[in-house]
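One structure below.
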DNA sequence: GCGACAG
DNA sequence: ATCTTGTCGC
């Protein structure tokens, strides 16, 4: 896998890498029979765009892989993957039983260059991924979404279907599901609905969020890092 | 040029 | 991206 992306530090390089990623994303199903499903998310200090990132990959059926690191990249809209994906990949490396499908907190193809963090992590790890975002980075929702769980509306960016706005919980705000890697959009939506269980966010995302937060709290409880 | 901008 | 109590609506 191409992990020389860990070295990327300039926006110009990052943009070029995103074009490579977009070209390598597979939009057809290539998932195992009964994949172990996991969520991926990170936690960090409020409004800290350059500090430590606490990453977690949390399987539904086992212990989460977690890791803390200070990425070379700050948070820049459109380049989230260069801050989060390297740390998530390191957490992945530490896991014994690798998941076969990852729901990522962020966009997949619903990205200006079709290379959101879910695409980047999926291509980097060579694993099927789904992008699950709570708000849009680009594109517009085409039409209205019904109030019931499962109701949806396409998200169009520059004439292209890049995501589905999906009502996972009745009357709650929709989430935006997009292809990460090696999965079709309709299949991704099926997985997200099945894993949401009447909540707004699918279970694996919630588990990863909790695990990442726990990792950050353990890190901050150590007085050695309280400088600045 | 201006505004918008996942986490 | 975080933190917190109560409060409101299904």
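Positions of Cβ are set from backbone N, Cα and C atoms, glycine also.
Just so you know, TrEMBL annotations never went through curation; they're auto-generated.
In TrEMBL this protein carries:
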{"type": "BINDING", "residues": "A:41, A:105", "note": "Mg(2+) binding site"}
{"type": "SITE", "residues": "A:75", "note": "site 'Interaction with target DNA'"}
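Known features from TrEMBL, placed on the structure.
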{"residue": "A:41", "record": "Mg(2+) binding site", "Cβ within 10 Å": "28"}
{"residue": "A:75", "record": "site 'Interaction with target DNA'", "Cβ within 10 Å": "17"}
{"residue": "A:105", "record": "Mg(2+) binding site", "Cβ within 10 Å": "26"}
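Counting in whole angstrom, residue A:105 (Mg(2+) binding site) lies 15 from residue A:75 (site 'Interaction with target DNA') by their C-alpha atoms. For the pair residue A:75 (site 'Interaction with target DNA') and residue A:41 (Mg(2+) binding site), the C-alpha distance works out to 15 angstrom.
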